[in-house]
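Trainee: Before anything else, here's the structure in question.
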């Protein structure tokens with residue numbers, strides 16, 4: 001069983017913001033799989049489905065970003081999910097815009113959602129899909145930037161990145177993470 005977690009902040013005012021790109025990838029996966037996130041449990045909205053004979057849960061924690069682990073950890077415990085089958089989708093301001101980075105594991109870095117999950121699970125060995133949301137201009141505050149919406153010119157790029165992230169997750173489930181990394185890490189959307 002896989003738990004696929006898209007990080008974001010709940011509420012309409014955060015829809016379409018850089019920090020909610022994890023939610024956007026979950027929405028893209030749900031649409032592709034023909035399902036809707038229509039259940040509430042453990043401070044999250046989710047659905048269960050199957051893909052290529054694998055059971056999967058799509059989850060959008062309804063906590064704020066810095067408390068994401070408060071939703072993720074109970075799902076792991078309740079469904080008995082191996083941490084290596086927990087795929088977390090996050091926004092990233094440090095990687096080149098137009099790219100998606102698949103990682104087997106690693107530190108939380110500066111991402112508060114990842115920090116919360118690492119703190120609650122006590123583990124760092126879960127896959128993560130990092131979606132580039134562009135780099136913060138020097139004149140902007142970080143919080144203002146990540147809570148801003150994409151410009152018209154950025155929309156084309158982020159839409160493609162969301163598709164790549166979705167396909168990378170499906171590749172992990174269908175084959176493995178190494179295959180997904182080899183196939184999708186080199187792609188640069190212009």
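Each Cβ is built from the backbone N, Cα and C atoms, and glycine gets one as well.
TrEMBL lists 19 with the feature active site, proton acceptor. As annotated by TrEMBL, tRNA binding site applies to 14, 64, 66, 112. Here TrEMBL flags 9 as site 'Discriminates between blocked and unblocked aminoacyl-tRNA'. Among the features that TrEMBL reports, site 'Stabilizes the basic form of H active site to accept a proton' is placed at 91.
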Trainee: Provide the three-state secondary structure of residue 64 (tRNA binding site) computed with DSSP.
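Mentor: Coil, per DSSP.
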Trainee: Report, as a single number, how many Cβ atoms besides its own are within 10 Å of the Cβ of residue 14 (tRNA binding site).
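Mentor: Taking all protein chains shown, residue 14 (tRNA binding site) has 17 Cβ neighbours within 10 Å.
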Trainee: Should any of the recorded positions 64, 66, 91, 112 have a Cα within 10 Å of the Cα of residue 19 (active site, proton acceptor), which are they?
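Mentor: Matched recorded positions: 91, sequence order.
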Trainee: Would you work out the biggest C-alpha to C-alpha distance among 14, 64, 66, 112, the residues that bind tRNA according to the record, and give it in angstrom as a whole number?
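Mentor: The two farthest binding residues have Cα atoms 16 Å apart.
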Trainee: With the cut-off set at 10 Å between Cβ atoms, which of these recorded positions ends up with the most neighbours? Options: 9, 66, 112.
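Mentor: Max Cβ neighbours within 10 Å, all protein chains included: 9.
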Trainee: In angstrom units, rounded to an integer, how far apart are the Cα atoms of residue 9 (site 'Discriminates between blocked and unblocked aminoacyl-tRNA') and residue 66 (tRNA binding site)?
Mentor: 9
Trainee: In whole Å, note down how far the CA of residue 112 (tRNA binding site) lies from the CA of residue 91 (site 'Stabilizes the basic form of H active site to accept a proton').
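Mentor: Their Cα atoms are separated by 11 Å.
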Trainee: For the recorded positions 19, 64, 91, which one has the sparsest Cβ surroundings, going by other Cβ atoms within 10 Å?
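Mentor: Each of the recorded positions 19, 64, 91 was scored by Cβ atoms within 10 Å; lowest is 64.
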Trainee: Inside 8 A of the center formed by the CB atoms of 14, 64, 66, 112, which other residues of the chain have their CB, for the recorded tRNA site?
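Mentor: Leaving out the recorded residues gives 9, 19, 63, 65, 67, 68, 113.
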Trainee: DSSP secondary structure for residue 9 (site 'Discriminates between blocked and unblocked aminoacyl-tRNA'), reduced to helix/strand/coil, please.
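Mentor: For residue 9 (site 'Discriminates between blocked and unblocked aminoacyl-tRNA') - judged by DSSP and reduced to three states - the answer is coil.
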Trainee: By the DSSP assignment reduced to helix, strand and coil, which category contains residue 91 (site 'Stabilizes the basic form of H active site to accept a proton')?
Mentor: strand
